[in-house]
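K.L.:
Below are the features I grabbed from TrEMBL:
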type    : residues                                               : note
DOMAIN  : 30-103                                                 : domain 'Mur ligase N-terminal catalytic'
DOMAIN  : 121-309                                                : domain 'Mur ligase central'
BINDING : GLY123, SER124, ASN125, GLY126, LYS127, THR128, THR129 : ATP binding site
DOMAIN  : 334-462                                                : domain 'Mur ligase C-terminal'
Amino acid sequence: MSTLRISTWTLEKIAEHAGATLHGPSDGDVSGVSTDTRSIAPGALFVALRGERFDGHGFVQSAFERGAAAALVDADWWNANAESPAGHILLVVDDTLEALTRLGHALWQEATAGGMQTVAVTGSNGKTTTKELLAALWSTRGKVWATPGNLNNHIGVPLTLCALPEDCDHLICEMGANHVGEISQLVRLAPGFARVITSIGSAHLEGFGSMAGIRRGKSEIFETADGDTHAILPFSEKDKLILEGFPGKVWTFGSEEGARVRVIALREHAPGEPPGMDVSLEVDSRKLSLSLPLLGMHNATNLAAALATLAAGEVELDETRLNEALSRLILPGGRFRQLVVRGVHILDDAYNANPSSVRASVEAFERWATSRHCEGRFAVLGEMLELGEGAGDAHAELARWVAAREAIDGLAFVGGFSERMAQSALKVQPELDVRAFSSITDDLIAWVGARKGGAVLLKGSRGGRLETIVDALTNDPASGRPGPYSSEA
């Protein structure tokens, strides 16, 4: 990786921007920033954060033993430990999270003054996929830095900014939230020239309280905008999101007539072709044909959102360059990973789930299984977390919706609502093969493994860890050796 911008700053400069009192030499430097001693690199600045269930100050000594150049600590810890750890450089502040936030924003300001462009991304579904699409497409225009993994909250965004490469041309910053007011804080750290809302759904309904609360929270990404800011949002939400007083330009995307970036058609690749689909789009009436190594209309609209940022930035939309960039797209695990395990075609989309993302995943799975002429289509659906008081009803409604689809031949529900989901599904389709499991068991793994020649979808919230079903099937319990396994992706 390129030299980090923060590594060009002296400790004195870091202390100044963090609002810290420096104890130790002021002319040293650091190689990066870390909040975790398990992965800290030699020469890094260790930031001791306090949380409800952890306190990084208990690991300051460990950080130095692992090679930290300095530690950012709060005044309470300093007052109680002024003599320890002896001989090490400490930066003392009132609040370490606030100092980390200030430091990240200062690095962003310096990079922006040097010409870096920022695209900010939020949404109920598709944030991380769209972020990776943006990173791939903007790489045709220069050096890109994108949020690592899902570091998209009040800690992750400052850490993303603290890891900015010195020569970064484009920052793709993912911003997540589970309550009103959170995006408002994050967008002030890295206010992009383009602000993207990928979708509006019932994710984190427990924290937002209602769909109106979700729309209000996501619309916060348009705060701090000026006349040069571009709002990029789903066509279906253009009259629902809060845009009063927005001074900039509005781009819409989707499959609907009237969207500025419109998905016209898609063709999923047949067996023998690279996994994915061909997507036909229009960008302000200009036609494009792109090959995307993903599945489903929802991912085609994620691509449309990413293309809207390029159009907003007045980037030439060259099909050849865009297709080359998309061919290099690599997504984190659990996002439409296509596998064949012991003769079972598995579509692993188990990274996360809410009602709208499960519906999109099921629809894409049906088309995928049909294109592969699979002998039966089965879905393993895990619990959807953070849905609030209506969680039980939401799970039951989803079960009825899935069971009513003629293309699904069997269902296995996993988690705390599995029995209720199974009962709801059987009321719709009494003859359907429906199973309920409170957790991942040997019986569930065997049920999936017995679908040889068929297709199985894995979809659930991250906490359900449905991907462990694949892990179990890829090992032969009789011999202890890896079992028959291949990846289509």
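For all residues, glycine too, the Cβ spot is worked out from N, Cα and C.
Heads up, TrEMBL stuff is auto-annotated, nobody curated it.
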K.L.:
Using the CB centroid of GLY123, SER124, ASN125, GLY126, LYS127, THR128, THR129 as the ATP site centre, which other residues of the same chain sit with their CB within 8 A?
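P.N.:
Filtered neighbour residues, in order: VAL121, THR130, THR198, SER199, ASN302, SER357.
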K.L.:
To what whole number does the mean pLDDT across the domain 'Mur ligase central' (121-309) round?
P.N.:
92
K.L.:
Counting by DSSP secondary structure, give me helix, strand and coil numbers for the domain 'Mur ligase N-terminal catalytic' (30-103).
P.N.:
24 helix, 17 strand, 33 coil
K.L.:
Across all chains shown, how many C-beta atoms besides its own are within 10 angstroms of the C-beta of THR129 (ATP binding site)?
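P.N.:
THR129 (ATP binding site) is surrounded by 25 other Cβ atoms within 10 Å.
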K.L.:
Using a Cβ-Cβ cut-off under 8 angstroms and a sequence gap of six or more, which residues of the chain neighbour THR128 (ATP binding site)?
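P.N.:
Correct list: ASN150, ASN152, GLU174, LEU331, PRO332, ARG335, TYR351.
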